[in-house]
């Protein structure tokens, strides 16, 4: 039989390993936890609605994801259906998006801080890619890309900068993406760096990008 100090050490190590194994979003502890958007209580996510008040509409939205959308100035439109649109998604760790691309349009470089994304092309062709993180070598900032055709599927790992671009100058493209979070979040790199409020010092950005300050001022403008 192990001595008391050895036994305590083993227990401590087991607890540490177990904690690391569950150090992510916990799984649901009940069938569902429909978000109560009107509760004054603030938690990580949303408080559960009384199950007796839950109905089918809490899991439904007439989202018209089969209909085309008008694209923005970079030539894309993301229609995200997350917990803010379907309260029943609370704690279920999933959301969906339709993405429309104009000819030569793009969903510019961005990241989802809380979700992995899996994307499939419904119409057209997309050039997609992501960049790995700074460390470790030799895969530091490695760029992985692929041309996708109708029916193809591609995965963007959680938190990594990625994009989609429609290379066709004449035809639009459409994709559907599933994301592994009820609220994946999105950080568009150009907007965050050059369009923050208040702005990041041009001294900082000029040093980071190794350009003149007037170039940073122009980009921020």
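Every residue, even glycine, has its Cβ placed from backbone N, Cα and C.
Unlike curated records, TrEMBL annotations are generated automatically.
TrEMBL has this to say about the protein:
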SIGNAL    1-23  signal peptide
DISULFID  33-48  disulfide bond
DOMAIN    60-217  domain 'Cupin type-1'
BINDING   107, 112, 117  oxalate binding site
BINDING   110, 112, 117, 162  Mn(2+) binding site
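Everything TrEMBL records as a feature, shown here on the structure.
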residue: 33; record: disulfide bond; Cβ contacts under 8 Å, 6 or more apart: 46, 48, 49, 90, 91
residue: 107; record: oxalate binding site; Cβ contacts under 8 Å, 6 or more apart: 74, 76, 78, 99, 101, 163, 164, 165
residue: 110; record: Mn(2+) binding site; Cβ contacts under 8 Å, 6 or more apart: 161, 162, 163, 186, 187, 188, 189
residue: 112; record: oxalate binding site; Cβ contacts under 8 Å, 6 or more apart: 156, 158, 159, 179, 181, 184, 185, 186, 187
residue: 117; record: oxalate binding site; Cβ contacts under 8 Å, 6 or more apart: 155, 156, 162, 177, 178, 179, 180, 184
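For the recorded positions shown (48, 162), fewest C-beta neighbours within 10 angstroms: 48. Sitting within 8 Å of the Cβ centre of 110, 112, 117, 162, and not among those site residues for Mn(2+), are the Cβ atoms of 111, 115, 130, 156, 160, 161, 184, 186. Predicted-model confidence for the domain 'Cupin type-1' (60-217) is 96, expressed as mean pLDDT. Sitting within 8 Å of the Cβ centre of 107, 112, 117, and not among those site residues for oxalate, are the Cβ atoms of 97, 110, 111, 115, 119, 156, 162, 177, 179, 184, 186.
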